[in-house]
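**Q** Below is a structure I'd like to ask you about.
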Amino acid sequence: MRRRMQGLAVVTSNLSPLPVCGDGPQARPSKESVAFHLQSCRKGGMEDEHEPPLQPRTQFQGRVLLLTICAAGIGGTFQFGYNLSIINAPTSHIQEFTNETWRMRTGQPLPDHLVPLVWSLIVSLYPVGGLLGALLAGPLAITLGRKKSLLVNNIFVVAAATLFGFSRRADSFEMIMLGRLLVGVSAGVSMNVQPMYLGESAPKELRGAVAMTSAIFTALGIVMGQVVGLRELLGGPQAWPLLLASCLVPGVLQLASLPLLPESPRYLLIDRGDSEACLAALQRLRGPADLAEELAELERERAACQGRRARRPWELFRDRALRRQVASLVVLGGALELCGNDAVYAYASAVFSQARIPMEKVQYAAIGTGGCELLAALLSCVVIERVGRRMLLMVGYGLMTCWGTVFTAALCLQSSLPWMPYLAMSCVFAFILSFGIGPAGVTGILATELFDQMARPAAYMVCGTLMWTMLFLVGLGFPFIMEGLSHFLYVPFLCVCVCGAVYTGFFLPETRGKSFVDISEELHRLNFPGVEPGPRVDRREVIRSTEL
């Protein structure tokens, strides 16, 4: 064991600057020079004539990336989906608790028109907290790093679970409001930092599939929230405080597992300049794989980012070199929330009732909707590296347009034909499947792949702010859309789906199997047609022989 540690120390200490081809800090190290560099390091400290080369512990190291995905996801996007869905089960119980609490304080029941208002405030504080968390995620990711940001984020979860658990004993519905705000902040941070962390830690051949796990954990959280919220479990009139406080369990699991796993190698090398820690993280994440090519790409990224500071969100909109990236982020990020998936979830219970499903069985049918999204996310994770990002987005939005059209026709004809409610119910499941195949997961990858290391945290802040703002506005305006458009409520969402498919087909570049540097060069050609990217001048370098 001591010999193995000494060998690793020699490798990391011998990481001298790599030979490069060309001039300037953006020059590319050749693969041959990197391979020779690593071989010389190994020969210098890890092999001798009496001992065979060091063999990594394949069985352990092969699981590190999977464990990293699970540890980040269980306390990350899983929390978002879980807390989004568990609030539906105790609706009537929390409204009764609010009314009783007000009566105890004032001697009079809460006026009828204020009961739904207080409930709407409890629900809407979740996206408000998410907006605050999205704004907080960028500075946290830059200052603390990706992994530590996810760990520190659990402070909000612990505080929220404590407020939920003691709210009924304290006779305070205000504690529920504050808890929803805090758990929303936690969701806002994790929704931004988790895909950033996983996208930077994954090899380029698996980057799409690994980033898609964020959507898988979101769907898994929705399903688990629906299951735990059943009346037979924690959805009863006495157990609802425990239901809301159960968000503590995923947080504790993350706190117990994530500290044992490595930080993002790109953050360690490019942001912190720690080549030894970067190499150690890569060796743990990749196992026995050859790291020469990936180290060369990391050096190219570091050279491209050298001498630059982290971008601020408003600077993204003023930089012409980021024009295509920002437009794609805004258009497709807005389409994700305005495509009508949340509207289908909200309308599902009414559709199930019209399909003559008994009211006591509707909650089980609702679990099927979450299961459809989970199944579609798993399928998308399997095929994304084969068919690409653009194809999944175009197919997803195209199918959503088709099923949304049939859904609108079924709503209009449900009183004329007895089988139309069943067609509408089928459209609900088909629409959610189509959403999970493409937009649900692929949209979250865009900020990781379209922006470089210096602009990525700011891009996630912009994307998160847009997402949570749209989520709040849709939740606020959907009841009025239902009342005003009746059976044609889905027409505005259909227009958004069409726009998402068209924009993806004409303007979004394919990033499958490409390194971050290759993607940046392709986007540079799209933003500046006819102008090839040249070497970046590093103002910090000084040639000592000519220094005055």
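From the backbone N, Cα and C atoms, a Cβ is placed for every residue, glycine too.
For 69-512, the entry in TrEMBL reads domain 'Major facilitator superfamily (MFS) profile'. Taken from TrEMBL, the feature transmembrane segment applies to 64-82, 117-138, 150-167, 173-194, 206-228, 240-261, 326-350, 362-384, 391-416, 422-446, 458-482, 488-508.
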**Q** Establish whether the number of Cβ pairs under 8 Å between the transmembrane segment (326-350) and the transmembrane segment (240-261) reaches at least three, counting only pairs separated by 6 or more residues.
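**A** Checked: the transmembrane segment (326-350) vs the transmembrane segment (240-261), no contact.
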**Q** Using Cβ distances below 8 Å and needing 3 or more such pairs, separated by at least 6 in sequence, tell me whether the transmembrane segment (362-384) contacts the transmembrane segment (206-228).
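**A** Answer yes, regions in contact.
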**Q** Are the transmembrane segment (117-138) and the transmembrane segment (458-482) near each other by the rule of at least 3 C-beta pairs under 8 angstroms (pairs 6 or more apart)?
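**A** Yes, the transmembrane segment (458-482) contacts the transmembrane segment (117-138).
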